[in-house]
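According to TrEMBL, the feature transmembrane segment maps to B:55-76, B:82-109, B:130-154, B:160-186, B:198-217, B:262-284, B:348-366, B:381-402, B:435-453, B:459-475, B:496-516, B:522-541.
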Amino acid sequence: METNTVISIKNLHKAYKNGASVNQVLKGVDLEIQSGQIIGYIGPNGAGKSTTVKILCGILTDFEGDIKVLGMDLRTQDIEIKKRIGYIPENAALYDTLTPSEYLQFVGELHGMEEGNIRTKIARLLDLFEMKAHANERMNSFSKGMKQKILIISGLIHNPDIIFMDEPLSGLDANAVIIVKRVLQQLAKEGKTIFYSSHIMDVVEKISDRIILIDNGVVLADGSYADLNSESDNESLENLFTKLTGNSGHSETANEIINVFEN
Amino acid sequence: MVNFIIRIIRLFKGLFRLMGVDYKQLESILRVKLTMGNRRGFSTSSKKKDSSNQLLLQTFVYAVLGIFVGTLINSVGHTFTAYVYIFLVIMSMIALMMISEFSVVLIDTRDNAILLPRPINNRTLTVAKILHIAIYLLQLSLSLSIASFVFTIFNYGFAVALFFLFLIFLATLFTLFLTCLFYLGLMRLVNGEKLKDILVYFQIGMAIIFMGAYQLLPRLIEMNDLYNAQLAVEWWTYLIPPAWFAGSIASLTTSVFSTGDILFLALALFAPILGLWIIVKYLSPKFNYRLSQMEAISSKPEKKTIQKGKSVKFVDKLGELLTRNITEKTAFKMIWKMSGRDRKYKQTVFPAFGYVFVLIAVTVLGKHGEAKWENLIESKLYLLFLYLNVMAAFSACLNIIYSDEPKSSWFYKALPIARPGDIIAGSIKAILTKYFAPLHLIIGALIVYFWSYTILPDIFYSLISITVISVFVTASQSKALPFSQEKMSQDSGSNFIKGILIMISAGFLGAIHWGLTFIDYGVLFALPFMFGLQHLSFRYVKKIQWNQIED
Ligand SMILES: Nc1ncnc2c1ncn2[C@@H]1O[C@H](COP(=O)(O)OP(=O)(O)OP(=O)(O)O)[C@@H](O)[C@H]1O
Ligand SMILES: [Mg+2]
């Protein structure tokens, strides 16, 4: 399968303004992302991962820099882009007084899918995610993992070419994690691009074709796990993460914390 | 109801398409939004899909309210004046309702994650939002004006009545414009959590105003004066929106069209259309932009550092003074702070404080005239004022178990607390000290001012006796930990019971107190006895065991 650039980000800056205070979150991010890859986007809490993803999905529009997705300019052709991307948000944002069937139906309609098609897809997917029994219950009583499954389905239902996922595995049980991982790998094999952020380092290490680490609004490291590992000898991603984000002395901190608790 | 509305919207399909709206998406969004509105406020556990029909219920309630509005047509002799009142009432009611009831529906930050990443063009999103608000407003204004419509038919015939409905439609559009301006102004000043807080205070104010108006207006306005009321048309009358609509309809009933009438008509027609145009063109995109900025702010609350200053120390001291053990003291401090921050709590309880004063005002104003005022001072009416405050005490105590986020109360269970009664006792003490006692002392101060300082013992006696009854009632009514329950809007049955409880308790305590006033120093002697009872009441609360607590 031939690969080509599907996302290109040039000199991306983003600041949140809240009254007089300005929080510069992204300070010049440059990325080129090829199709058919799984990209693991990692970084400490508050690094700006979710912010990047929201910008790429067209949720946040006041950024600086140039972004092209699928060859189209994000500022001017956002609707065309949105037809071909899927987004799975980090906090379970759902209309939770609806039932999964109603909600997914709604999402399908927004993507202009044909009604019968939506219905059969929803039924199959809910069944595969073991949510069939809850198909007609309101989602406000759902557990975190149950909601997450619905979010995943709602992000994939229209068969997008690029999938943005913010912490997609949070709350899922072990079986669901394995299934979702396989699904992602299969989708990548078919030429789709998956851009996801996560804090679960061993998952990122295993399934990502490429890992991008950001901290303080800039890209700190970028490459396959093997690339990142070439300088040091066979370290886990967890250790690399620690080293690159300049955070060491975890055991001292842990001891310190215990000290505080015990006194 | 939802399907009915959608079917009406569908009639304008072509128009929407012309505007560049993706009609299918528009319909999907509206259907989902209306469905959610329809299910709002009902128990979360309900598993059935369509067990609720909020919209229909509301329509009915407003239609009944509208009857009072409609009677203005016959009780005000001057046509123009009558309709000014009607449009004024309807327009301000829908604007206030909009802000107090539907803010949650409109300012829905989930939209950012759900709708923005989907291929929906701006036009469609804007129109969907405006239609959504407009539908609510129209539902309100039309149900409020059904009665006025009927009265208009009887008085001026069918044609005028139809024109009236058309004007109501325009007035609604104009109100929509005004409320949009209000929201934008507010969002400019504050955002996120702060906005929601302000809206809660708005709701509290509204509740008090409604109650006050309902109680006071009929007493203040003499029917005769009302019938003879006549608003003269001055130059500034043209600046009052309700006058535009009233002027238009008045001129139609007389079929005389002066220059002034034509000006009214023109304003009534074009101002709403201009307003709508401004909304679509300028306000709505701004609104959407502000909303998209809001999301993360509300999920990541503003950095609000709470200064550990004098007030905290004061609460610590009070807690020390009023509680007996560490659990109780901790609960006292926690609840003192939380009760001022929990929106659901403020929203249900604060209006009750206002009502107490409204009712006092009603009693005083109900007896206007010099001679009656003299009588008032000689009477023992102060007892009534003191015991009206049972309402505030009960409302503060009985609502303490409810919260916006009941799930966050899990930690009580996780802590090694032997007797949950201590928590309940601490929280009742906090609530009574923070809200009821100051209120009672304010009322007391007023009474001392109007009567004399000899009433002081009565004020303290009533303070303690209301405390005792509140403690007993709270402990027996709802055995649950503070902020641990979800309030369901369906419990109007239990609200009724609460109302009865308040009346009976207030009457009972008041009667005893009244009896005591006939004995020399009776109240003074009864004070120590009441202190004893108060002690017992808290003992009773503290005995509550884990197995008696509801979750
Ligand atoms: N709407 C907002 N308004 C103001 N500041 C924001 C907003 N959203 C995020 N921020 C700030 O931007 C920074 C980056 O946030 P972001 O959510 O992108 O981090 P993240 O990398 O996804 O973190 P996490 O690992 O915790 O999910 C943080 O400092 C956060 O406080
Ligand atoms: Mg994040």
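Note that the numbers count up from 1, one per residue, in the order the chain is shown.
Here the Cβ of each residue, glycine as well, is placed from N, Cα and C on the backbone.
In TrEMBL, annotation is done automatically, which means it is predicted and not curated.
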Quiz item: Between the transmembrane segment (B:522-541) and the transmembrane segment (B:198-217), are there at least three Cβ pairs closer than 8 Å, leaving out pairs fewer than 6 positions apart?
Solution: no
Practice problem: Take the transmembrane segment (B:262-284) and find every residue of the same chain, 6 or more past its ends, with a Cβ under 8 Å from one of its Cβ atoms. | Solution: 126-127, 129-130, 167, 170-171, 173-174, 176-178, 180-181, 184, 238, 241, 243-248, 251
Quiz item: Mind checking which residues reach the transmembrane segment (B:348-366)? Cβ under 8 Å, same chain, six or more beyond either end.
Solution: 204, 207-208, 211-212, 215-216, 219-220, 376, 381, 384-385, 388-389, 391-392, 395-396, 399, 402, 435, 439, 443, 487
Self-check item: Cβ contacts under 8 Å made by the transmembrane segment (B:82-109) with residues that lie 6+ beyond its boundaries
Solution: 33, 36-37, 40, 65, 69-70, 72-73, 75-76, 129, 132-133, 136-137, 140-141, 144-145, 148, 167-168, 171-172, 174-175, 178-179, 182-183, 195-196, 199, 202-203, 206-207, 209, 231, 240-243, 245-246, 249-250, 291, 294-295, 298-299
Quiz prompt | Best-contacting stretch, by C-beta pairs under 8 Å, relative to the transmembrane segment (B:130-154) and drawn from B:55-76, B:198-217, B:496-516 | solution = B:55-76
Self-check item: Outside the transmembrane segment (B:496-516), six or more residues from its ends: residues with CB under 8 Å to it
Solution: 380, 383-384, 386-388, 390-391, 394, 398, 458, 461-462, 465-466, 469, 473, 477, 522-523, 526
